[in-house]
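Engineer: Let me give you the structure first, and then I'll get to my questions.
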Amino acid sequence: MNAVFPGSFDPITSGHMDVLTRAAKIFDQVTVTVMHNARKQGRHLFTLEERMDILREATAHFPNVRVDTFGGLLVDYMARQETGSVIVRGLRAVSDYEYELQIAHLNRQIGDAETVFIMAATRWSFVSSSMVREIASHGGDVSEMVPRASASALRRKHADVYAERETEKQNPALLGR
Ligand code: PNS
């Protein structure tokens, strides 16, 4: 049985990687699909191409994982997959469940798509792409929270902030100015 792991992945986190690792053990093939919405494009830190590149690098070691992208409804994408394919979504905490349950029901209602939830390890319960972006935008250390490909991309994206913070760390009197 095959699975699709959809998301924004802006960028992929260690929590996503944990869910993906578990999914890759359960399913024959897992497709990580960056869902893109042209109207939301300006609100992402990374472009679609950058997110795809990060994902390809971060998932290269999985023999049964591939990376794809789609710009429409998830149910239309699912209709193009092999019969019986399911959507995989990760749950970090109970707070994720309400939102995810609504989407899962909607996807079943509008496209008969089945969703399987995989619980991320508790150590990732506080990690989200948005928090990682926030920390990195101030030059903070996110290396534990994201795969190496995401950490490098974040450092490149905020190269000036990281350089400035490094200087400040060597001269604490400048911190936070
Ligand atoms: O990583 P995210 O942002 O939580 O992922 C949400 C995503 C992209 C999976 C969801 O917004 C989605 O499926 N978008 C595609 C459009 C769609 O099918 N919408 C209907 C279900 S809400």
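Glycine residues also receive a Cβ, built from the backbone N, Cα and C atoms like all the rest.
From TrEMBL, here are the annotated features:
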- 4-134: domain 'Cytidyltransferase-like' (DOMAIN)
- SER8, PHE9, HIS16, GLY90, LEU91, ARG92, GLU100, TRP124, SER125, PHE126, VAL127, SER128, SER129, SER130: ATP binding site (BINDING)
- SER8, LYS40, LEU74, ARG89: substrate binding site (BINDING)
- HIS16: site 'Transition state stabilizer' (SITE)
Engineer: Run through the domain 'Cytidyltransferase-like' (4-134) and tell me, per DSSP, how many residues are helix, strand and coil.
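Structural biologist: Going by DSSP assignments, the domain 'Cytidyltransferase-like' (4-134) contains 64 helix, 28 strand, 39 coil.
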Engineer: So if I measure Cβ to Cβ from VAL127 (ATP binding site) and keep only same-chain residues at least 6 apart in sequence, which ones fall under 8 Å?
Structural biologist: THR13, SER14, GLY15, ARG92, MET145
Engineer: Given LEU74, LEU91, SER125 as the binding-site residues, which ones have a Cβ positioned under 6 Å from some atom of ligand 1?
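Structural biologist: Those binding-site residues that pass the cut-off, since their Cβ is under 6 Å from ligand 1, are LEU74.
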Engineer: In sequence order, which same-chain residues at least six apart have a C-beta under 8 angstroms from SER8 (ATP binding site)?
Structural biologist: VAL34, MET35, HIS44, ARG51, SER129
Engineer: With Cβ-Cβ distance below 8 Å and at least 6 positions apart along the chain, what are the contacts of LEU74 (substrate binding site)? List them in sequence order.
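Structural biologist: Sequence-distant Cβ neighbours: VAL4, PRO6, MET35, ILE87, ASN107, GLY111, ALA113.
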Engineer: Go through HIS16, LYS40, ARG89, our binding-site residues, and report the one whose Cβ sees the most other Cβ atoms within 10 Å.
Structural biologist: HIS16
Engineer: Which of these binding-site residues has the least crowded Cβ, counting other Cβ atoms within 10 Å: SER125, SER129?
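Structural biologist: Counting other Cβ atoms within 10 Å of each of the binding-site residues SER125, SER129 gives the minimum at SER125.
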